[in-house]
Each structure stands twice: as structure tokens, then as C-alpha cells.
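K.L.:
In case it helps, TrEMBL gives these features for our protein:
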- 17-42: transmembrane segment (TRANSMEM)
- 54-72: transmembrane segment (TRANSMEM)
- 84-105: transmembrane segment (TRANSMEM)
- 163-183: transmembrane segment (TRANSMEM)
- 195-215: transmembrane segment (TRANSMEM)
- 236-255: transmembrane segment (TRANSMEM)
- 282-299: transmembrane segment (TRANSMEM)
- 311-330: transmembrane segment (TRANSMEM)
- 336-357: transmembrane segment (TRANSMEM)
Amino acid sequence: MSNSIEDDSFSKPVGRWSVYCYGVGHMLNDITSACWFTYLLLFLTEIGLSSRDAAIVMLSGQIADGLATVFFGELIDRFGHFKIWHSAGAILVAVSFSSVFGGCIPCKLLSSFSTIVETVSYSTFAAIFNVGWAATQVSHMSMVSCITLNSTSRVVLASCRNAFTMVANLSLYGIAFIVFEVIRAETRADIENQYRWIAYLSIFIGCCFVGVFYLGTKEPRSKTGIHGDIHARISWTYWFLKILYYQVAIVYMLTRLVLNVSQAYLAFYVIDDLQMAQSSKALVPAIIYICSFVVSILLQEIAWKEQRLKAYYTAGGILWIFCGIAIILLPQSMSLFVYAISIFIGIANALMTVTAVSMQNVLIGQDLNGCAFVCGSLSFLDKISCGLTLFVLQSFHSKFTVIYELLES
């Protein structure tokens, strides 16, 4: 009798408060990730690192993140305790992130600001930050499948999480806008001071929301089956025999690739190509995330089935293609139109992200004891592909810059 009552509650829709508390649990990761992808390359090149060295720092972090996601996924499936892994990762993120944007600490200790020392220093802290980030991400993402078996509630949880991702991004750009306006960057020390304040305030806001998550979210079950019996841990080879695993992996990897790479180069685009004001590198991303936030909230009110997930994802992909074409063709004289394009990018981002994450839960289904490995392995593909792509793009940018300077001279 008790098992049937538990199973019934496990299949019922999740309450609003529980959805909210779960949704804010990734805020620290989201706000630091937004800063990572939006400003890291810009920050490193502004303080004097070459495009290639900046790409090495980014790649070291992405590789560490990718490897750690698979490792933590296996450990979480083996031992459970989602909230313990989440808290350990959050602590590591909070401690290490300020060092990524806080200036080269080893350089000061060694009294050497050589390029090699700076690159190694930033790469080390980037790797540490991303290891903590991976622990929090995998534990938080894999919790969805263990909180409920209700398909609509799983999408609602993913949608709420995505909505607070937008809140995190908006918080970052609000902080960045104020900091860029108040602190003028005339020297390297000023630039480091700008980003140091952005990092400190981001960590503070993220930690406040994570505290709400710990207080309002119960540790979900992972070892108990839907009929109350204990299931054996699922081997990772089980997933590699499913065609759906590869389909979802491609969808998720490409989605994250589009979002992360576009976010990384958006600030360069509005400043270097469109020659817009410094404040635009905060305003344009803010518009994108306001629109994504609104769409994510609206998506929570829809009853979801697999076919509807595919339809909405396709719509988001098509919309992004048109936005990409518009960005390529947009002349500098019509730079203000980038704000209109940003609206549609925000809509496309929400449609693709919510549905791509929800497809993971369709793949997992009721195989709860392998959910962390699925999330970890898909994130591995995301991080490695993104890191390599950014490294290649930055390397080409570095070569083209040298050629351009030679031609100018």
C-alpha cells in the first residue's frame, strides 16, 4: 500500500514551490557561465594575451569540464546523494571563479608577468572552476528524472531551470552594465578591477539562490524503482546500444554549440564589427535573455509530448538560421537593428534549450539509475566540441590579425 501511494505521488505533477526551488539551483553555475562565455575571451585579450593564448585558457577549462562531467556522472549513478555533489561543486565554483577574473595571482607571487606564466595561471584556475561547475551541473540536471516520472512536470522543471538561467544572465549583464559605466577602463589595473567586481557580485547573487535550492528541494530517490523495488545500477554500455542516445546527443551538442559560441563572440561582434558603444556588450545580451526568459515561462504552461518537443525544437532551429543570416548581412550603418535581431535570437534560444534538455528526460525515461551518466556524457560532448570550436576560431582570428597588421604596415 505504501509503495503504491509513493508511486502515485511520484507520477503526479510537481508543485509550483518545488519547481521554483529546483529551478534556482543552477543560478550560481548559470551566472558564472554567462560571464565565462561572454567576457572571458574579451577580458584576456584586453589585458594583453593573444587570441591564441586566450583560446588555450578557454580550451583548458572546457576539457576539464568535459572530462569531469563523465567522471561525476558515473560517481553520482554509483553513490547517489545529488545535493552533496551539488554543494561540493558550488563551493569549488565560488572559491575559484574570482581567481579566473581576479588577475594573475601566481604572476604577483612570482613577480613575473610573462605570457607563459599568465597563460598557465589562468588555465589552471579555469580548469578548477570548470571541475566544480561540472559537479553542480550533472547533479542538478540528473535530479529532474528522479524528482518525478510525470513527462509534463519534467519539461516544466527544465523550463523553470532555463527561465532562471535567463534571470542569471540578466543579472550578470545588469551588473556588467553598471560596472562598465561606473569604473572606466584606462589601464590594465582598471580592466582587472572591472571584471573582479563583476565576478564577486555574480558569486554573491548565485550563492543566495543556491541557498534557496538547498532549503526547498528534497534529496530525490535514485535507487528505488517506480514500483518500490531496488534496481541495479545501469551499465554505461546500455546507453550506447540505443539509437535514441545518439540522436539526443547530436541535438544537445549542436544546441549548446550554437548558444555558447554565439554568446562568446557577441561582445566582439557589437564592439569590433558594428562599432557600437561599450554599454551595448551588456544591453544586446540582456535583450536576448529577457526574451528567452519570457518564452521559457510560457513553455511551462504547455502539455508536452515527444512530437511537440520535436516541432518546437525545429521551429527554434529555423528561427536561429534566419537570425544568423541577418547578422552576417547586417551593415555597420544599420547597427541598431541588432536589437531587433536579439529578440528573435532570445526566442530561438529558449525553444531550442528547453526542448533539447527535455529530450534527455525522454531518453532516460524510467531508467533512473543511469540518469547522471546520460547527463554527464552529453555534457562531455558539449564541452569538448565547444572548446575545440572556440580554439579553432580564435587561432584563425589570431592569424588573420597578424596578416592584417602586416598589410597595414
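Positions of Cβ are set from backbone N, Cα and C atoms, glycine also.
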K.L.:
With a Cβ cut-off under 8 Å, give me the same-chain residues at least six positions beyond the ends of the transmembrane segment (311-330) that come close to it.
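P.N.:
Distal contacts: 251, 258, 269, 274, 299, 337-338, 341, 344-345, 347-352, 354-356, 359.
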K.L.:
Residues sitting near the transmembrane segment (163-183): Cβ under 8 Å, six or more positions beyond its termini, same chain?
P.N.:
23-24, 26-27, 30-31, 34-35, 38-39, 190, 193-194, 197-198, 201-202, 205-206, 209, 278-279, 281-283, 285-286, 288-290, 292-293, 296-297, 300, 350, 353
K.L.:
What parts of the chain pack near the transmembrane segment (282-299), using Cβ distances under 8 Å and only residues at least 6 beyond its ends?
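P.N.:
Those are 34, 38, 155, 159-160, 162-163, 165-167, 169-170, 173-174, 176-177, 180, 263, 266-267, 270, 276, 312, 338-339, 342-347, 349-351, 353-354, in sequence order.
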